[in-house]
Structures are given as C-alpha cells and as structure tokens.
C-alpha cells in the first residue's frame with residue numbers, strides 16, 4: 001500500500017510539472033534571453049528590445065531587431081500608449097540616452113482618453129515589460145550580468161515544490 005501511495009504521488013507530481021510546461025508553451029519567455037556570445041562592438045555594449053508603434057508587447061519583443069545599441073546610448077526606453085480600458089494602442093521600444101530618460105512616468109490625455117507611460121532601464125535586454133502605471137513607469141537601473149559563460153538554470157515553481165512536499169509527507 002505504501003509503495004502504491006508513493007507511485008501515485010510521483011505520478012501526480014509529474015503530471016503537474018508537465019501540465020505547467022504545456023500552459024506556458026505558447027508564450028516565449030523573454031526573461032530567459034541569454035547574453036550574446038558574439039563579440040561586442042565596444043566595452044559595456046548592450047541590446048534593447050526595439051520596435052516602432054507595435055500593436056502589442058508580445059509582437060514588439062518577438063520581432064525586435066537584434067542589434068547592438070549605439071555607443072552614445074546607455075539605457076532602454078519604452079513608450080506605451082493605451083486606452084482608459086488598458087488596451088495597448090502603440091508601443092515603441094528603443095536604445096536611449098540619459099536625456100531621453102528624464103521624462104519617465106505616466107501622463108493622461110483628457111482630450112483623447114489615452115495614457116502614455118514611459119520607462120527607462122539599464123542592462124542587457126531589460127525592457128521586456130510595459131509601463132502601465134506610476135509604480136512601473138520609472139527609471140530603473142538594473143545591472144545585468146554580461147558574461148558569455150553564464151548559464152541559466154531552470155528552477156521549478158515554488159508551488160510545485162510545496163505540492164511535492166505535501167505528497168511526500170504522508171510517506172515519511
């Protein structure tokens with residue numbers, strides 16, 4: 001009986017892990033972008049997601065041109081226009097200088113009922129997300145690791161670890 005409970009617990013855990021992967025399989029994990037292995041054009045080079053007037057964040061990030069930012073830029077800028085219902089109307093992402101990052105935050109236009117939120121960040125491909133309010137429309141300095149030898153490990157979700165522990169507890 002104990003062996004049967006153990007096999008059942010392991011099977012349920014495997015099903016949960018596999019189903020989690022199926023749920024997220026349709027989405028690209030833009031956070032898991034590794035630093036490029038090709039030589040950089042100059043010291044402290046970086047890349048940003050870049051797009052001009054994209055309709056949504058997914059397509060902006062997915063089809064972003066993969067090129068190094070110019071040497072006179074230090075940050076990634078994101079400009080997000082959206083309706084009062086939160087629907088994106090325009091997304092622009094690009095490499096930016098410090099001067100272009102002075103005007104971060106959100107501004108609501110009463111005439112057109114649209115909001116524009118601007119954010120800047122520092123680091124390799126740091127502009128994954130869209131600014132949507134005053135808490136994330138900020139100038140964020142995040143020093144990304146820029147080594148080509150770094151490896152990204154897959155860490156299971158915390159709730160799966162708790163679930164596994166709960167299944168194994170009766171067997172102990």
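Each Cβ is built from the backbone N, Cα and C atoms, and glycine gets one as well.
Among the features that Swiss-Prot reports, signal peptide is placed at 1-25.
Residues annotated as region 'Sufficient for inhibiting alpha-7 nAChR currents' in Swiss-Prot, with similarity to another entry given as evidence: 46-140.
Summarising the annotation, Swiss-Prot assigns domain 'UPAR/Ly6' to 46-137.
Neighbour count (other Cβ atoms within 10 Å of the Cβ, all protein chains): 27 for residue 76 (disulfide bond). The disulfide bond annotation in Swiss-Prot covers 48-76 (among others) and rests on similarity to another entry.
There are 25 other CB atoms within 10 A of the CB of residue 60 (disulfide bond), with all protein chains counted. The feature disulfide bond is assigned by Swiss-Prot to 51-60 (among others), with similarity to another entry given as support.
Residues or ranges marked as disulfide bond by Swiss-Prot on the basis of similarity to another entry: 69-95 (among others). Around the Cβ of residue 95 (disulfide bond), a 10 Å sphere holds 21 further Cβ atoms from the protein chains shown.
Feature annotation from Swiss-Prot assigns disulfide bond to 101-120 (among others). DSSP assigns residue 120 (disulfide bond) to a strand in the three-state reduction. Cβ environment of residue 120 (disulfide bond): 75, 76, 77, 78, 96, 100, 101, 104, 138, 139, 140 lie under 8 Å away, each six or more residues apart in the same chain.
The disulfide bond annotation in Swiss-Prot covers 106-117 (among others). Listed in sequence order, the residues of the same chain lying 6 or more apart from residue 117 (disulfide bond) and placing their CB within less than 8 Å of its CB are 79, 80, 82, 105, 106, 107, 130, 131, 132, 133, 136, 137.
With a 10 A radius on its CB, residue 126 (disulfide bond) counts 22 other CB atoms from all the protein chains. Under the three-state DSSP scheme, residue 126 (disulfide bond) falls in the coil class. The annotation disulfide bond is assigned in Swiss-Prot to 121-126 (among others) on the grounds of similarity to another entry.
As annotated by Swiss-Prot, GPI-anchor amidated serine applies to 148.
It is 106, among the disulfide-bonded residues 106, 121, whose Cβ has the fewest other Cβ atoms within 10 Å in the structure shown. Confidence annotation: the domain 'UPAR/Ly6' (46-137) carries a mean pLDDT of 94 in the model.
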